[in-house]
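S.K.: Okay, here's the structure, questions in a sec.
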Amino acid sequence: IIFRGFSITIKEDGMRGLAKGWAPTFIGYSMQGLCKFGFYEVFKTTYGDLIGEENAYLWRTSLYLAASASAEFFADIALAPMEACKVRIQTQPGYANTLRQCAPKMFAEEGLWAFYKGVVPLWMRQIPYTMMKFACFERTVEMLYKHVVPKPRSECSKSEQLVVTFVAGYIAGVFCAIVSHPADSVVSVLNKESGSSALGVLKKLGPRGVWKGLVARIIMIGTLTALQWFIYDSVKVYFRLPRPPPPEMPESLKKKLGLTE
């Protein structure tokens with residue numbers, strides 16, 4: 001399916017067809033990535049401080065889910081205009097070839113709403129995806145250090161830690177792809193067909209239609225997610241930014257549960 005898609009694109013538009021919409025894609029996802037990872041750290045710390053150290057440990061999965069959902073909400077507001085331009089360039093031949101042509105034309109024809117028309121379906125697709133991405137990643141890292149890696153994280157070299165990050169990122173990516181695939185199918189059709197509603201598209205695609213192309217998406221999202229985490233963690237290593245280890249039970253909680261000597 002992937003290769004057939006590539007060959008059709010090259011046949012119809014030549015090699016330039018593959019690069020169509022690269023600028024809004026690159027700018028949009030760079031902005032989204034910055035907001036997503038940056039805000040996630042902020043919300044995780046803020047929510048963790050609000051509920052206190054013990055609850056932050058006991059309810060850590062919920063904490064990851066809440067922080068990532070909040071981060072993605074804002075990240076999608078940054079992404080939506082670029083996503084709208086990208087889809088318009090790629091799916092409406094002759095409309096515009098570059099971001100510089102597309103954005104002013106869309107604004108002149110439909111106003112500001114044209115850029116945010118897809119923000120709700122984007123939230124439907126991205127928020128569950130990001131919640132899965134961050135929570136699954138955090139818990140996978142914790143499990144890998146606990147059950148797979150033969151020594152504590154503090155004794156692992158930086159490169160060994162980055163391998164763990166990559167593996168955990170890939171596992172998280174597989175789950176992300178599965179969770180977000182139906183909504184992604186709907187968003188693609190919505191942006192292609194003007195005047196259609198999310199519910200209408202859902203009915204038209206049917207239960208089987210929304211899962212079409214899942215394997216290709218798993219491969220793509222798994223690799224992308226693993227690379228994102230790897231790059232993010234590498235940047236932290238390079239700039240010597242804090243990289244907190246997987247959470248451990250606070251001493252006060254150990255005492256309460258009678259786990260201390």
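Glycine is no exception: its Cβ is also placed from the backbone N, Cα and C atoms.
Checked TrEMBL, it gives:
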REPEAT    1-46  repeat 'Solcar'
REPEAT    59-143  repeat 'Solcar'
REPEAT    160-238  repeat 'Solcar'
TRANSMEM  162-183  transmembrane segment
TRANSMEM  214-232  transmembrane segment
S.K.: Let's see if you can do this one: DSSP helix, strand and coil counts over the repeat 'Solcar' (59-143), in that order.
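M.R.: Output for the repeat 'Solcar' (59-143) reads 73 helix, 0 strand, 12 coil.
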S.K.: What are the DSSP helix/strand/coil residue counts across the repeat 'Solcar' (160-238)?
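M.R.: Secondary-structure composition of the repeat 'Solcar' (160-238): 70 helix, 0 strand, 9 coil.
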S.K.: So what's the average pLDDT for the repeat 'Solcar' (59-143)?
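M.R.: Reported value for the repeat 'Solcar' (59-143) is a mean pLDDT of 93.
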